[in-house]
Amino acid sequence: MAITDWPEGERPRERLLAHGPAALSDAELLAIYLRVGVRGKSAVDLARDLLHRFDGRLGTLAEASLEELASVSGIGMAKAAQLKASFELTRRALSQEMATRDSFTSPGKVRDWLRLKLASRGHEVFMALWLDAQNQLLKAEELFTGTLTQTSVYPREVVKAALAHNAAAVILAHNHPSGIAEPSRADEMLTRSLKEALAMVDVKVLDHFIVAGNTPPLSFAERGLL
């Protein structure tokens, strides 16, 4: 059944107009963007198929290639291009917010950006957000990549990068592809080692985030682990 044949109160667009976007499911929001379905499937059905293909995770969907998106029945290259453009605009909007001087007074913005960057990665990635003395972003840099379960991080190389960017502070982050955001003993020990090494060159570690799946990134600072 086409969405136009649904009761008005159940149609995604009408629900958004009445209750706002936060009231809609991921599939309903995608359906509004897709606009129309295909023979035998409404736009909501098509959106559900799309989410199912990418494990129900918007982060994984956002990282999919054009070819991967277009391979879903009913999507095609035109809709795939529209989706990629939408995800890229979201990334750019967050990046622009990150470049403003008050970016790092809002942990929520940092979390959102890190989730976009790291949540769907299939292997561990360790990155640093280098900041100046006013906590304005100098550079977001992926320093090390590893396997599904671990990555090797070398404090000496992190210190070299800090000096190269003339950084005054840093926010560290890495992902757990397992989907579990809890820090391991190795994570805690590494954080202490990096904090001590960077302190030797007057670079302050403001936080260390672990990004895992759709859960909010875990903050070492909030856990009292810094």
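Every residue, even glycine, has its Cβ placed from backbone N, Cα and C.
Listed in Swiss-Prot for this protein:
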DOMAIN    103-226  domain 'MPN'
MOTIF     174-187  motif 'JAMM motif'
BINDING   His174, His176, Asp187  Zn(2+) binding site
DSSP says His176 (Zn(2+) binding site), in three-state terms, is coil
Across all protein chains shown, the binding-site residues His174, His176 give the max Cβ-within-10 Å count at His174
Across the domain 'MPN' (103-226), the model's average pLDDT, rounded to a whole number, is 89
Asp187 (Zn(2+) binding site), Cβ-centred 10 Å count of other Cβ atoms over all protein chains shown, is 18
Excluding His174, His176, Asp187 themselves, the Zn(2+) site's Cβ centre has within 8 Å the residues Glu124, Phe126, Asn175, Pro183, Ser184, Ile210, Val211, Ala212
Reduced to three DSSP states, the domain 'MPN' (103-226) has 44 helix, 33 strand, 47 coil
